[in-house]
Amino acid sequence: MKSVRSCIGTLVVLVLFRVGEIAEACSCSPVHPQQAFCNADVVIRAKVVGKKEVDSGNDIYGNPIKRIQYEIKQIKMFKGPDRHIDVVFTAPSSAVCGVTNLDTNGKKEYLISGKGEANGKMHVTLCDLIMPWESMSATQKKSLIQRYEMGCDCKITRCATFPCEISAPEECLWTDWVTEKIIHGRQSDHYACIKRGDGSCAWYRGAAPPKKEFLDVEDP
């Protein structure tokens, strides 16, 4: 009986330990690139030229808080403050949503989105839109200039399983997962959800600006 209690006790400890591990894991809900753009304070194109771990104050127990500091060279700002971003911070581990794998040789260009901090700095997580510039579609690159911003008042609703539908005219239904079994499919790569003249929202495809007829559409 004593042996059984010991086994149960060990099992409880192992379960609690595993729960702790799971609680520390990073979890992000899939978002369309337009949603990531609209949710971000800062969206830039940049090269990463340096990386180091730094102290960022102390926690409530007095232990130092570590962060990774990336030094960057900003190429273009699509959204953000009227100044260059020089430094990007992130958590020190991917388990707590830190972005730890950016190339720091200064040759690779990235699209980086995240939250703004003071003095030309920003903070990023694995849940932000961060991707190699060369892997982006022509539509995605063009949409960063104006298209995505035109749809920030729209709501992109992700369809996880069929059947699914929108509940309001201000929504666009994102179906990449159910139609292609991937998160970033045709709608993610080639479409933006744009608000039209009647207040409704609809998917628009193409690198060219939306035509007046598309924006001025009215319900019959």
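For all residues, glycine too, the Cβ spot is worked out from N, Cα and C.
Keep in mind that what you see is a predicted model, and the values were worked out from it rather than measured.
According to TrEMBL, the cysteine that forms a disulfide bond with Cys201, out of Cys127, Cys152, Cys154, is Cys154. When the candidates Cys7, Cys97, Cys127, Cys152 are compared with TrEMBL, only one is recorded as disulfide-bonded to Cys28, and it is Cys127. Candidates considered were Cys97, Cys152, Cys159. The record in TrEMBL pairs Cys38 in a disulfide bond with Cys152. The record in TrEMBL lists a disulphide bond between Cys97 and one of Cys7, Cys26, Cys172, namely Cys26. The Cβ of Cys193 (disulfide bond) lies under 8 Å from the Cβ of His32, Gln34, Gly151, Cys154, Ile156, Cys172, Cys201, Ala202, Trp203, Tyr204, each of these being in the same chain and 6 or more residues away along the sequence. Its own atom aside, the Cβ of Asn39 (site 'Involved in metalloproteinase-binding') has 15 Cβ atoms within 10 angstroms in the protein chains shown.
Taking Cα separation as the measure, Cys159 (disulfide bond) is nearest to Cys28 of the recorded positions Cys26, Cys28, Asn39, Cys97.
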